[in-house]
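Q: Once you've had a glance at the structure underneath, I'll fire off some questions.
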Amino acid sequence: MLKCNTLIPINFSKEINDYFLNYYTINQWEEICSSLSIPPCMTYIRILSQNENDRDNISIILQEIINEQCKSKEWDDIKIIKHEILPDVLYIPIYGPFNDIIPCNKEIIVDKSTGTSILRGADIFAPGVLAARPVEVGENVAVMVDIDGNCRRGYLKNYTGKKLFVGNGKMLMSRHEIFSSNPSELSGIGVLMTQPLYRTPSISTSLSSHLSSLIFLQNKPSILVGHLLNPQPGDNIIDMCASPGGKTTHIASLLLRNSSCNSDKSSDGIIIATDRSKQKVDKINQNAVRCGVKRLVKSFVLDATKSILSDNEVINFNLKDLKCGDQIKGFPKEFFDRILLDPPCSNLGQRPNFSINVKLSDITITIPDYQKKLFTSAYKLLKPNGVLFNPAENEQVISWALKNFPGLSLIEPEIKLGDPGLVGTGLNETQRFMVQRFDPGINSGYDTIGFFIAKLKKIH
């Protein structure tokens, strides 16, 4: 069965450990630190099609791809599973660690980003190879992650810096092929991971252009957010920190489903997606096109902390005049029925992770202060009786919001997949059970990335 043991537990500073031990027992905190360095036990797949019957058809297609991979890599069978609560979700187990794997004599070096992808099932694209000694197509190699980021691309000697073994693979390109071109000119898989430390299919490298328009890889708590937001026909909705657009496109898919309509109609509603840079907004647009929801999604460059139009600016405001992709000044107060605010955070819950560089002041001051500025803008943009979702850094931000905005109240979530909020964070017992916390843990029944969800309503 699944064995999600640790690679190397994440080591935090003493002050960060002491801070979190105010809310967790020693055993709980050690379990979280161990779990952060390994992948979650499942890979989640969101079905993009509005036809509920397509989940069965897509599951069959994916299973055939997975069977072929398992056979070629000489793995035991891996089965796709339908999520028992979320109707548009499939998931695939991640098995491991296979600690009895003996590293091959020859090795290649990859960066940390590539290393985390390997632990979640990916093969290695050619640009991901940092260094290798002379090696030819068909040779087996040990794959090592450069932990400190000091390995130079094309390094020929044996790399003696801090590195971590994540499995063995078979070279599909020679060293000469990989390093005779610039990374931007390379394409294709350079190394096939035949003996990864954690075993799960490489979904992203298996997709045909047809199938890639039908599924989207996304973490379970992120998918849950869309279902809890529950967009309705005619709603004005904004995702305020939207890139790369996974939640935005899911909300749009759910809006189409709830509208029960496939033609262009004004009653469908509209989804605004904003982020701070043109590059991020372009990524949202790309995903909206891929997911087939571009007609519902309008994306703009906007600093969400400065997203409220003045009274004079409101006079000339017309949403239809705004060009998708442009930088805009903002929106009128109380313009949106539903708001998703998933602000920048410490990323402490991302998995797997080889190291986390964060200061206590980031966790307790810098990030929460920025989130509070974003929350203030979101509150002003929300209509009376509107709903706001805030997957913020922690319960303290929600406690602050409830105290500073008397017209705001927590709503009981219709679907509960996470744990209650932490004790001692400013929420009372009733409020703690109205938020959802996902803490990485190898003994958790929902083993996922770290995440937090609160659903709030503006009463007046």
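Each residue, glycine too, has its Cβ placed from N, Cα and C.
Just so you know, TrEMBL annotations are computer predictions that nobody has curated.
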Q: Say TrEMBL lists D275, D342 as binding S-adenosyl-L-methionine: which of D303, D321, D369 is in the same site, per that record?
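A: TrEMBL names D303 for this S-adenosyl-L-methionine site.
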Q: Which one of these binding-site residues has the most other Cβ atoms within 10 Å of its own Cβ: D275, D303, D342?
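A: The largest 10 Å Cβ neighbour count belongs to D275.
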Q: Provide the three-state secondary structure of D275 (S-adenosyl-L-methionine binding site) computed with DSSP.
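A: Note: D275 (S-adenosyl-L-methionine binding site) is in a strand by DSSP.
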Q: Can you list, in sequence order, the residues of the same chain other than D275, D303, D342 whose CB lies within 8 Å of the CB centroid of the S-adenosyl-L-methionine site?
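A: For the S-adenosyl-L-methionine site, the extra neighbours are M240, C241, A242, S243, T274, R276, K280, L302, A304, P343, P344, L374.
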Q: When DSSP states are folded down to helix, strand and coil, where does D342 (S-adenosyl-L-methionine binding site) land?
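A: In three-state terms, D342 (S-adenosyl-L-methionine binding site) counts as coil.
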